[in-house]
Amino acid sequence: GQREEEEEHHRLETFNFYLSEPLSKERVEAFSDGVYAIVATLLILDICEDNVPDPREVEKKFHGSLLEALSEYGPNYLAYFGSFVTIGLLWFVHHSLFLYVTKATRLMGLLNILSLAFIGGLPLAYQLTSEFAEKSHNEIEAIQVSCVITFFASIFQFAIWTTALLHETETLHPFARYGGKEHAFMFAKLALYPCVSLGVFFLTCLLSEFSTAIFHLTQIVIPFAFLALRIFVRISLTVIKSVMSLSRRKVVLLEEEEACLSPTEGLS
């Protein structure tokens, strides 16, 4: 029995060591950039394939007005821009994450592959939300599927950062470690998409009026929320530091006043 326990303990140590073995950070980034580029290319090909009005239809149906003809494809264009913004920001978050990762491990590589698997599903989410853009139950389900894809694509990025924090002295730059000047912003940045996708998912369960247009407008607005988040985190950290410095000054002044008091004055 003791030998079996020792063998089991040895297996666990070997398994943990295997997951913590180093992995080429450059290859992880190159593979990830390739997947992001292919996904963005697929989106561009999708929008250019079936969303160009026929010249004869423009002449007959829209009296030669190209802008009116393009307005018929408005939901598809909105879905394209919302999906492309999502891909772009997820790539930006991924780039920011690995900018502070100094050493990648096999576990981080596995989590990165899982994230990329859902990134590859974003063209599917675009097609669903552009095809089912009418008021129907399928429209709500298409939005929910898109939220699920975005949630898992972003939550695995958050898991990479959490894994790096477990061995932060080896895997993270000092700025991104606990107490570093970029730690709070990295946490907020990586938690943004999981929170937004979950929030939109629950809104679709509560509001039957929720439409794909609102969903894609939310995707387009997120970059501005991203900038506002950066400003908010910076302001919050500045306020906290100023409050802490003021409290320290008060403590120092009180200690100096007590030191200046004579023994009799101190007793009184």
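Here the Cβ of each residue, glycine as well, is placed from N, Cα and C on the backbone.
Per TrEMBL, these features apply:
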type	residues	note
TRANSMEM	77-100	transmembrane segment
TRANSMEM	107-126	transmembrane segment
TRANSMEM	142-166	transmembrane segment
TRANSMEM	187-214	transmembrane segment
TRANSMEM	220-240	transmembrane segment
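Annotation: stretch 107-126 has the most Cβ pairs under 8 Å to the transmembrane segment (142-166), among 77-100, 107-126, 187-214, 220-240.
For the transmembrane segment (77-100), the residues of the chain that approach it from at least six positions outside its boundaries are 25, 28-29, 32-33, 36, 39-40, 43, 46-47, 51, 70, 115, 119, 122-123, 125-126, 129-130, 133, 150, 153-154, 157, 160-161, 172-173, 175-176, 182, 186, 189-190, 192-193, 212-213, 215-220, 222-223, 226, judged by C-beta separation under 8 angstroms. Within the chain, the transmembrane segment (187-214) has long-range Cβ neighbours (under 8 A, six or more residues past its boundaries) at 75, 78-79, 86, 89-90, 93, 96-97, 129-130, 132-133, 135, 139-140, 142-144, 147-148, 150-151, 153-155, 157-158, 161, 222, 225-226, 229, 233.
Within the chain, the transmembrane segment (107-126) has long-range Cβ neighbours (under 8 A, six or more residues past its boundaries) at 19-20, 23, 28, 31-32, 35-36, 38-39, 42-43, 46, 79-80, 83, 86-87, 90, 94, 101, 142, 145-146, 149-150, 152-154, 156-157, 159-160, 163-164, 171.
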